[in-house]
Amino acid sequence: MQAAIYVRVSTDDQVRHGFSLAEQKAACRNRAAALGASVITEFADEGISGSTMDRPGLTALRSAVRNNQVDLLVVRDPDRLSRKLSHQLLLTEEFEKAGVKIEFLDFDWKDTPEGRLFYSVRGAIAEYEREKIRDRMVRGKDQKARQGGVPIGFYNYGYNYTPDSGKVTVNDSEAPVVINIFNWFVYEDIGMNGVARRLNEMGIPTRKGKGKWHRNVIRQILRNPVYVGFWRYKEFSIQVPDIVNGETWNKAQEKLKEARRLWAGLSKNEYLLSGLISCSECGNTMTGVYTNWWDKRERRYTCHKNSQGAKSRGCVPAKFLPAEVIENAVWEQVQVWLNDPDTLAKEAVSEEPREEELRQELDRIEEHLKGVEKGRNSILDTLALGLVELDTNTKNKLTDLKRRKERLENRKKELEAVLSEAYRYISGLEELRLISRQILSKLNSLDFSDKKALIRTLVSQVIIAGRGQPGRNGLKDTQVTIVAKLPEQIDSSVFSDIVR
Ligand SMILES: [Zn+2]
């Protein structure tokens with residue numbers, strides 16, 4: 001490695017600080033050697049002010065740097081190069097651009113006001129340079145896009161992408177998943193949550209390989225025109241291979257729009273989930289409020305309680321979540337359940353009633369009861385005929401039989417209650433199976449109170465966890481838990497109104 005050292009002393013320095021040229025040289029040589037220099041060339045200016053750039057030693061150093069004769073430059077401090085900050089910056093930049101590593105000796109120097117200024121300005125310049133490079137790269141991408149090529153950063157599920165060539169091809173294992181997502185959403189009415197759930201149940205890996213499919217990812221896929229062959233990059237559109245046919249894609253867009261329109265007509269006093277929705281952090285029920293959000297008036301749900309009598313004032317700061325996003329999530333879940341009432345039943349009860357077992361136990365109990373009754377009657381008969389005395393033994397027998405009879409009758413009542421619950425459950429589910437299709441077909445024409453009633457029929461509560469900031473497309477970091485309700489509690493009058 002070729003090293004250079006540069007030393008400078010003005011007459012002033014020597015007088016004021018008492019350091020000599022010889023001392024500077026020795027210190028710089030030692031450092032250069034310690035850093036592994038094999039050749040060390042000296043450049044020196046003695047008795048010349050550092051405010052001028054016109055110094056023989058400095059000029060010689062700069063020309064050596066230009067001729068690639070320097071890998072490492074050791075200087076006591078930036079002040080040796082120049083008295084002026086602008087010159088220091090200029091020279092260090094010039095040297096570094098030529099590939100020279102610059103080493104300053106004095107650590108103390110960094111703690112002086114001049115030193116701090118030098119380093120902070122150099123830091124700012126480095127940052128500025130990085131910005132400029134970034135800017136240039138972005139403009140480079142735009143340029144590529146404008147010319148119809150595919151710029152860097154094409155990462156869409158369903159495609160392979162080679163960054164070096166910008167080549168985009170269809171990924172054979174992911175593309176069928178994309179087609180399924182569109183078909184299920186458009187032709188099966190299972191909603192974005194339903195699509196995500198089905199993919200998770202099928203064990204289809206996400207792009208990242210781990211983690212679950214989420215409705216937001218499904219939405220991004222459904223909205224992305226890349227799947228009909230147009231990749232949107234800023235204001236440009238670039239052609240890529242398509243995966244989904246245009247008709248299906250258009251239908252998906254229509255459906256997405258429909259979902260957005262669903263609540264558009266709701267007035268400021270209409271909240272589909274009032275009474276059902278609560279905050280998991282503070283435990284308060286959440287109420288609907290019509291409030292300013294930026295420059296827009298919006299329906300929201302909040303856990304904040306204004307009234308004096310409230311047990312808890314709610315979270316601090318209070319949650320204010322957009323009503324529409326939560327209502328959409330619940331509505332989608334309702335659609336999923338209507339599509340497959342058995343999933344609702346499974347979610348609502350941990351255990352299905354075992355009707356057959358219950359019935360068998362009831363039969364056994366009735367049998368026992370008959371036996372007990374028979375025994376009791378025969379004792380009473382013999383007593384009545386005066387054949388035996390009512391002694392202690394007989395008394396005890398009778399009391400015992402009476403107790404057994406009571407126990408059995410209680411158990412019988414219990415079983416009958418459970419059985420009638422089971423019948424209601426089974427007939428409720430049966431009813432739901434019969435009419436869910438009809439409800440689904442009329443879903444979009446339901447008015448507010450029908451929608452509200454339908455939600456209350458299938459949902460027992462909605463719990464909001466986390467306080468994610470509402471984004472444009474949903475709630476980041478907010479979890480909406482929708483708890484299913486037992487179909488046995490179906491109020492058939494609600495459905496008869498809807499189905500009619
Ligand atoms: Zn809260």
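Using the three backbone atoms N, Cα and C, a Cβ is placed for every residue, glycine included.
Record features (TrEMBL):
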- Ser10: active site, O-(5'-phospho-DNA)-serine intermediate (ACT_SITE)
- 355-425: coiled coil (COILED)
- 2-148: domain 'Resolvase/invertase-type recombinase catalytic' (DOMAIN)
- 156-262: domain 'Recombinase' (DOMAIN)
Legend entry - the domain 'Recombinase' (156-262), counted residue by residue under DSSP: helix, strand, coil: 54 helix, 16 strand, 37 coil
Inset, instruction - Count the other Cβ atoms sitting within 10 Å of the Cβ of Ser10 (active site, O-(5'-phospho-DNA)-serine intermediate), across every protein chain shown. - result: 16
Inset, instruction - Report the DSSP secondary-structure composition of the domain 'Resolvase/invertase-type recombinase catalytic' (2-148) as helix, strand and coil residue counts. - result: 87 helix, 24 strand, 36 coil
Legend entry - Model confidence over the domain 'Resolvase/invertase-type recombinase catalytic' (2-148), averaged pLDDT: 83
